[in-house]
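Feature annotation from Swiss-Prot assigns compositional bias 'Acidic residues' to 83-107. Residues annotated as N-linked glycosylation site in Swiss-Prot: Asn210, Asn246, Asn275, Asn281, Asn294, Asn297, Asn306, Asn333, Asn337, Asn379, Asn384, Asn391 (among others). Per Swiss-Prot, region 'Disordered' is recorded for 83-121. Annotation source Swiss-Prot lists signal peptide at 1-22, citing sequence analysis. Per Swiss-Prot, the feature transmembrane segment maps to 433-459; the stated evidence is sequence analysis.
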Amino acid sequence: MSPVYVNLLGSVGLLAFWYFSYRWIQRKRLEDPLPPWLRKKKACALTRRSRHRLRRQHGVIDGENSETERSVDLVAALLAEAGEESVTEDTEREDTEEEREDEEEENEARTPEVNPIDAEGLSGLAREACEALKKALRRHRFLWQRRQRARMLQHNGPQQSHHAAVFCRVHGLRGFQVSVWLLLTLLWSTGHGVSVRCTYHGTDVNRTSNTTSMNCHLNCTRNHTQIYNGPCLGTEARLPLNVTFNQSRRKWHSVMLKFGFQYHLEGWFPLRVLNESREINVTEVHGEVACFRNDTNVTVGQLTLNFTGHSYVLRAIAHTSPFESYVRWEETNVTDNATSSENTTTVMSTLTKYAESDYIFLQDMCPRFLKRTVKLTRNKTKHNVTVTGNNMTTLPVWTPECKGWTYWTTLSVMWRNRRSALLRAKSRALGHWALLSICTVAAGSIALLSLFCILLIGLRRDLLEDFRYICRDEGSSSTKNDVHRIV
């Protein structure tokens with residue numbers, strides 16, 4: 001499994017553990033924290049004290065019927081015979097403390113302290129804040145609707161005001177749903193099925209010892225809407241295809257894309273193949289540069305080249321890692337002719353030489369090209385025109401001294417270095433994700449420790465009360481054991 005998914009699952013598991021731990025602690029806070037045997041004993045003691053308090057309030061306390069007083073008198077008599085008068089004082093002190101605790105319980109019952117954090121934890125506080133916000137929004141909406149009805153009644157009369165109020169209520173109920181539906185529809189209509197295709201046709205191919213030239217005509221459409229029709233030469237200058245900002249940190253990127261458009265749209269690409277395959281006898285060239293979104297809404301770029309019945313296709317999928325895809329040109333319309341097979345081998349070797357650069361260029365260019373052509377189709381009067389001019393595209397034999405060759409070499413080296421950087425980054429990815437995992441675990445541990453400390457601080461009063469009760473119960477049980485031992 002990929003380290004990305006491992007860390008994602010670990011983070012989700014840590015959040016789930018934190019959430020369920022918090023819920024368990026909140027549930028335990030609402031329960032009695034004492035064990036069952038101590039809880040039963042405490043309930044009995046509270047029952048006796050409550051009964052004693054009620055009898056004292058109604059004035060029906062009888063010394064003969066009071067089990068507590070009778071037991072205290074018996075213990076006092078036994079200890080008096082043994083000469084232990086201090087026990088009587090301790091018993092009286094315990095009675096005084098019980099009466100004081102009863103008074104405190106009565107005061108707390110009269111003025112209960114309501115704290116949402118002590119009662120239900122952070123969920124209670126959040127619930128109260130949410131209820132207060134709902135009340136404020138409901139109040140604001142009611143006042144706004146009343147002002148709207150008053151304004152409509154003042155300007156249009158009672159009947160039209162009734163219709164306007166009904167419309168406002170319907171709009172308030174369904175406006176958000178309609179807005180979301182329209183937004184999703186707009187995104188789907190603008191993002192699904194978009195295609196931009198630029199096809200070129202080269203005729204009168206003429207090759208000399210120093211240059212290769214041809215008459216080239218280009219036609220570009222977006223969803224069957226024409227955005228350019230004219231000679232290949234000067235296409236990049238006539239179409240505002242500045243798909244990147246010409247900033248200092250992106251200057252090399254802008255240069256690469258600019259030369260890439262010139263290379264593929266102005267006919268340099270087939271001329272380079274013809275220059276490096278001079279033994280092929282070709283008189284006509286067809287080609288296409290296409291960018292489209294497939295049925296799964298994934299951007300795909302495609303280069304097509306056709307030499308006298310032989311077609312070569314290169315496809316690139318955007319937003320994918322170059323090292324995870326197999327880059328190669330595919331050949332179609334294969335014949336069994338020996339001469340044709342030899343020519344095909346020569347062309348394939350020439351195309352394979354820079355296939356990686358063409359692939360990465362399509363990955364980078366197609367998403368930007370699709371977004372850029374949206375503006376071209378909106379302004380039809382300015383850019384949807386037929387351009388006339390010189391159709392002749394000439395390219396010298398590509399030697400290291402040629403400017404185009406220098407650009408293309410720099411472009412290929414940059415893309416090759418970019419691919420190497422991605423490969424090196426992939427080898428270091430595991431170390432980065434391991435560091436992220438350690439930081440995630442440490443942050444989760446700190447969060448759990450903080451939660452425990454916060455809950456401990458919030459429960460300090462209950463814990464101290466439980467400890468005092470346990471200590472008092474242990475002290476009374478030791479006194480009873482001493483009495484039984486004396487008896």
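Using N, Cα and C of the backbone, Cβ positions are placed for all residues, glycine too.
With a cut-off of 8 Å between CB atoms and residues at least 6 apart in sequence, the same chain places Val300 near Asn294 (N-linked glycosylation site), listed in sequence order. Highest Cβ count within 10 Å among the glycosylation sites Asn281, Asn297, Asn306: Asn306.
Highest Cβ count within 10 Å among the glycosylation sites Asn210, Asn275: Asn275. Separation of the C-alpha atoms of Asn281 (N-linked glycosylation site) and Asn275 (N-linked glycosylation site): 12 Å, rounded to the nearest whole number.
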